[in-house]
Amino acid sequence: MEAEAERGNLAGVQHIILVLSGKGGVGKSTISTELALALRHTGKKVGILDVDLCGPSIPRMLNVQERDVHQCDSGWVPVFVDQDKTISLMSIGFLLEKPDDAVVWRGPKKNALIKRFVSDVAWGELDFLIVDTPPGTSDEHIATVESLRPYQPLGAVLVTTPQAVSVGDVRRELTFCKKTGLRVIGIVENMSGFVCPHCSECSNVFSKGGGQELAQHAGVPFLGCVPLDPQLTQSLEGGRDFIQEFPKSSAFPALVGITQHILSMASPRSS
Amino acid sequence: MFFPAVASAMAERVGPALVDVPPHECPGTGSDQAGKAAACQGCPNQGLCSSAQPAGPDPAIEEIKEKMKTVKHKILVLSGKGGVGKSTFSAHLAHGLAEDENKQVAVLDIDICGPSIPKIMGLEGEQVHQSGSGWSPVYVEENLGVMSVGFLLSSPDDAVIWRGPKKNGMIKQFLRDVDWGEIDYLIVDTPPGTSDEHLSIVQYLGATCIDGAVIITTPQEVALQDVRKEINFCRKVKLPVIGVVENMSGFVCPKCKKESQIFPPTTGGAEMMCLTLNVPLLGKVPLDPQIGKSCDTGQSFFSEIPNSPATLSYRDIIQRIQNYCSHDRPQEERKP
Ligand SMILES: Nc1ncnc2c1ncn2[C@@H]1O[C@H](COP(=O)(O)OP(=O)(O)OP(=O)(O)O)[C@@H](O)[C@H]1O
Ligand SMILES: [Mg+2]
Ligand SMILES: [Zn+2]
């Protein structure tokens, strides 16, 4: 019970997963959002912690950008995305006066808020806590990994797009994981191929295979290729539930595959 | 408790007070009260303000001002969103400007944790040389020099796991200690966001007057919402916005030649945003897989695909930026 008490607000959280990439715009927030939705559909309770302080995307992707965070005795109450409270979210997006306000902060201020995000959010009981991050290997990442270390995260999902310019940055992120002792759950190759809606020809808009090669080269699991899927972009723009609405679309099987990998990894530990 | 002022006021909603620390409370880093005033108690920056930061402005700012006397135009390439094509744009703006042999062009990559300029400009594995007058940039052509943290790493796996102050120190060195020589255009490629790198570059170049910023976005709202923040950042730090480039705007299928919106402009795209915020739209560049390929192999796509719509649009945008720099705001009239 003592250990429970020390875990404080994270006491009821079973598994913590970080979503990382050295490269920007590769789909970290997309994978975080869809992973949360897919886990919800398997009956899990999921929290999302958005530590991208300068460019928070998750509130829009879950269509809760107008909501507020409130205070309770044990800390900050996250925003619940649905009536049944199966997905909860904490993001700096909820703390801004106007949505377009720039958060012009240097490292120490970002670190301080991340520490509070980790210790002061009253998550309650969660099967999974997914942490969406900005690109890079700097303040936000060091602060997140350091403050989560006592809670032994399950590991990190690394997202890349197939082209060499992006894979190069993700190689550096792998080194970050190694140096900080963070387990790599695996690599996702996102935006891998685009099927023309007019003629069904598949174009490798951002090349192909780079993520898979990197996984092999680094000896870490490859979690699959998620194609460029306009229905996915549209769902995220409107904050709709892609997993619920588009089970026939091209990105669906890949996203479900990643979710299953994570569920199977998590199951032995949950006992 | 890190934000004491907030904790007491935080009865119900956790609100913007958290984000905007009232300015009248913070003495500011330049003040000799920095880190010592009552308002500094418990502020996460207190340690930094009271010790590391010397009172008054950083002497490097003056040194950089001296150094930058030989640099005519300075352009920042910014975006709030990641992966929208800042580095691709920076590199090709430089290639385009350097086609005029009489112009000396330089690229400074201040994306310290994710430097992609060396790869995109075909300079991977190059190292910086030390000369009597400082670090010398790596040259693509005689009139196109490049500086990036990538040239200081020993392996492609090296991660730069640095917090803000160390990144800021590097940026200062890049500006003060690099032997830039006589330059017509200095193009600064940045990481996404509005944090240490952005504040530092504006601060260090503050005394030298920057021509302005080119903002890169893609058409979808998920990107635009971050880009609006970047434009607000520019306004906050009084950095002129030269204009916005909408990248990856439409994809033409190589087989059937029909266009698809891979990143759909669900809220009107950059066009609508520019209208609302009253900033110029410099142009739209379509998504062309050839651009990605050229970047991966370190070639300029101007020579690879000289007649593609993407190249033509790029050329038009570069022309506008040149016009802006030469006509709109003559050097002498600009104020720092
Ligand atoms: N597989 C996909 N198919 C179609 N669109 C996608 C796919 N993955 C991501 N997108 C879109 O690409 C854009 C960038 O994705 P996202 O915002 O998730 O990237 P990110 O890595 O979180 O970016 P940042 O580094 O700025 O935080 C979004 O508009 C998203 O909707
Ligand atoms: Mg994101
Ligand atoms: Zn087609």
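Heads up, the Cβ atoms here are built off N, Cα and C, so glycines get one too.
Predicted, not measured: the structure shown is a model, and the values here were computed from it.
Here is what TrEMBL says about this protein:
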type    : residues                                               : note
BINDING : A:G22, A:K23, A:G24, A:G25, A:V26, A:G27, A:K28, A:S29 : ATP binding site
BINDING : A:C196, A:C199                                         : [4Fe-4S] cluster binding site
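Proximity to ligand 3 at the level of Cβ atoms, with a cut-off under 6 angstroms, picks out none of the binding-site residues A:G22, A:K23, A:G24, A:V26, A:G27.
According to its DSSP assignment, A:K28 (ATP binding site) is helical. DSSP gives A:G22 (ATP binding site) a coil state; it is part of no helix or strand.
Less than 6 Å separates the Cβ from ligand 1 in the case of none of the binding-site residues A:G22, A:C196, A:C199. Long-range Cβ neighbours of A:V26 (ATP binding site) (same chain, at least 6 residues apart, Cβ-Cβ under 8 Å): A:P135, A:V159, A:T160, A:T161, A:S166, A:N190, A:M191.
Spacing of A:G22 (ATP binding site) relative to A:C196 ([4Fe-4S] cluster binding site) is 29 Å (Cα to Cα, whole number).
When the binding-site residues A:K23, A:G25, A:G27, A:K28, A:S29 are checked against ligand 2, A:K28, A:S29 have a Cβ within less than 6 Å of one of its atoms.
Rounded to a whole value, the Cα-Cα separation of A:G27 (ATP binding site) and A:C199 ([4Fe-4S] cluster binding site) is 26 Å. A:K28 (ATP binding site) sits 29 Å from A:C199 ([4Fe-4S] cluster binding site), counting Cα to Cα.
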